[in-house]
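Asks: Below: one structure in structure tokens.
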Amino acid sequence: MKLPIYLDYAATTPVDPRVAEKMMQCLTMDGIFGNPASRSHRYGWQAEEAVDIARNQVAELINADPREIVFTSGATESDNLAIKGVAHFYHKKGKHIITSKTEHKAVLDTCRQLEREGYEVTYLQPEPSGLIPVSMIEAAMREDTILVSIMQVNNEIGVIQDIDAIGELCRSRKIIFHVDAAQSAGKLPIDVQTTKVDLMSISGHKMYGPKGIGALYVSRKPRIRLEAAMHGGGHERGMRSGTLATHQIVGMGEAAAIAKADMEVDNERIRRLRDKLWNGINHIEETYINGDVEKRACGSLNVSFNFVEGESLMMALKDLAVSSGSACTSASLEPSYVLRALGLNDEMAHSSIRFSIGRFTTDEEIDHAIETIKESIGNLREMSPLWEMFKDGIDLDSVQWAHH
């Protein structure tokens with residue numbers, strides 16, 4: 001067993017060896033190294049064919065038409081292209097956007113930028129479960145609403161939003177619907193033929209593909225128009241210029257094909273391991289699961305250990321690679337904005353750890369993780385005066401702390 005144990009699959013996944021092997025065939029002189037846009041010789045044709053195959057594989061993962069797949073540098077770029085692209089193209093129709101407070105920063109910061117440009121954004125507050133009721137979205141809709149952007153699976157707490165119902169509502173009101181599917185593509189069955197989604201962001205490195213590659217699904221029926229953010233050679237139907245990174249695209253395609261083929265088996269294994277981890281630690285006193293228990297992605301477990309400081313817990317869990325929120329915001333010592341939006345106080349938000357399990361996690365690793373967590377929580381609480389006061393029956397909320 002290799003230490004530290006990797007339990008941060010929501011931050012990134014290792015590239016599947018089968019994917020890496022496919023990518024290696026697109027790099028060197030004796031491989032498919034040509035520019036897919038070179039139409040005058042075999043090297044270009046081979047690369048174009050490899051890209052076409054990968055585009056089909058990504059399309060099949062979500063049951064889309066391959067012409068609806070636009071390759072980008074990742075889900076962050078896809079989110080930017082979708083939200084800014086719609087806002088700028090349809091600005092004459094309206095300037096109101098609806099999203100939620102628990103979205104990824106790639107969506108929230110893009111919306112903040114649009115606010116600086118004169119757009120109006122409504123940020124919905126989810127229920128304590130992390131779920132956003134369709135009625136809440138409907139109540140926020142206005143005559144000038146042009147876009148709703150809601151993620152399918154939350155990156156910190158793993159809750160699954162009902163994008164089918166939200167899609168139906170948006171379609172009935174003729175409002176464009178964007179879904180950030182970075183955490184769900186390749187892990188949940190997605191069918192854009194039945195789910196009324198207009199735009200969907202997908203990430204390669206969240207499903208055992210390489211980093212630096214993603215895709216944006218752009219619906220053709222109804223046809224969604226976007227204003228491009230990257231101008232140049234008119235690649236990707238003019239939506240995203242730039243020479244296509246054949247090796248990364250091929251990697252993402254292969255990762256999508258494997259994810260589709262192995263999804264059921266993978267998910268069953270991962271769900272079993274996640275339940276094993278939770279059942280191993282849920283009897284620890286003052287331990288709470290964050291987010292809806294039922295409507296949750298199978299690899300995700302976000303737990304608050306009351307009276308333990310999150311950063312000190314992560315240092316105590318040095319044998320476990322885990323995080324206290326999303327990787328993109330983990331450098332800040334602020335408590336998770338996602339957990340704060342669920343109504344957790346600063347202390348509980350600070351004492352939370354995100355465990356995310358994936359394809360290469362083993363039973364042995366989960367057993368070791370359970371023992372490590374139990375031991376670390378015990379040690380840290382022994383040192384905590386707050387824990388001692390709590391055990392003595394003192395109501396900590398009513399204590400008047402002296403300010404120095």
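Glycine is treated like the rest: Cβ placed from N, Cα and C.
Fair warning: this is a prediction, and the values are worked out from it, not measured in the lab.
As annotated in Swiss-Prot:
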- ALA75, THR76, ASN155, GLN183, SER203, GLY204, HIS205, THR243: pyridoxal 5'-phosphate binding site (BINDING)
- LYS206: N6-(pyridoxal phosphate)lysine (MOD_RES)
- CYS328: [2Fe-2S] cluster binding site (BINDING)
- CYS328: active site, cysteine persulfide intermediate (ACT_SITE)
Asks: For GLY204 (pyridoxal 5'-phosphate binding site), what residues in its own chain, 6 or more apart in sequence, show a Cβ-Cβ distance under 8 Å?
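Replies: GLY74, PRO210, LYS211, GLY212, ILE213, GLY214, ALA215, GLN248, GLY251, MET252, ALA255 - these are the non-local Cβ neighbours of GLY204 (pyridoxal 5'-phosphate binding site), listed in sequence order.
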Asks: Report, in whole Å, the straight Cα-to-Cα distance of the residue listed as 'N6-(pyridoxal phosphate)lysine' from ASN155 (pyridoxal 5'-phosphate binding site).
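Replies: One finds 10 Å between the Cα atoms of these residues.
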Asks: Count, for each of the recorded positions HIS205, LYS206, the other C-beta atoms lying within 10 angstroms of its own C-beta, and report the residue with the smallest count.
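Replies: With the recorded positions HIS205, LYS206, fewest surrounding Cβ atoms within 10 Å: HIS205.
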Asks: Can you count the other CB atoms that lie within 10 A of the CB of ASN155 (pyridoxal 5'-phosphate binding site)?
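Replies: Taking all protein chains shown, ASN155 (pyridoxal 5'-phosphate binding site) has 26 Cβ neighbours within 10 Å.
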Asks: Under 8 Å between C-beta atoms and at least six apart in sequence, can you list the same-chain neighbours of GLN183 (pyridoxal 5'-phosphate binding site), or say none if there are none?
Replies: ALA10, MET151, GLN152, VAL153, ASN154, ASN155, GLY158, LYS206, ALA297
Asks: Need one number for the pyridoxal 5'-phosphate-binding residues ALA75, THR76, ASN155, GLN183, SER203, GLY204, HIS205, THR243: the maximum pairwise CA distance in Å, whole number please.
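Replies: Farthest Cα pair among residues binding pyridoxal 5'-phosphate: 30 Å.
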Asks: At a 10 Å cut-off from the C-beta of THR76 (pyridoxal 5'-phosphate binding site), count the other C-beta atoms across all protein chains.
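Replies: Neighbour count, Cβ to Cβ under the 10 Å cut-off: 21.
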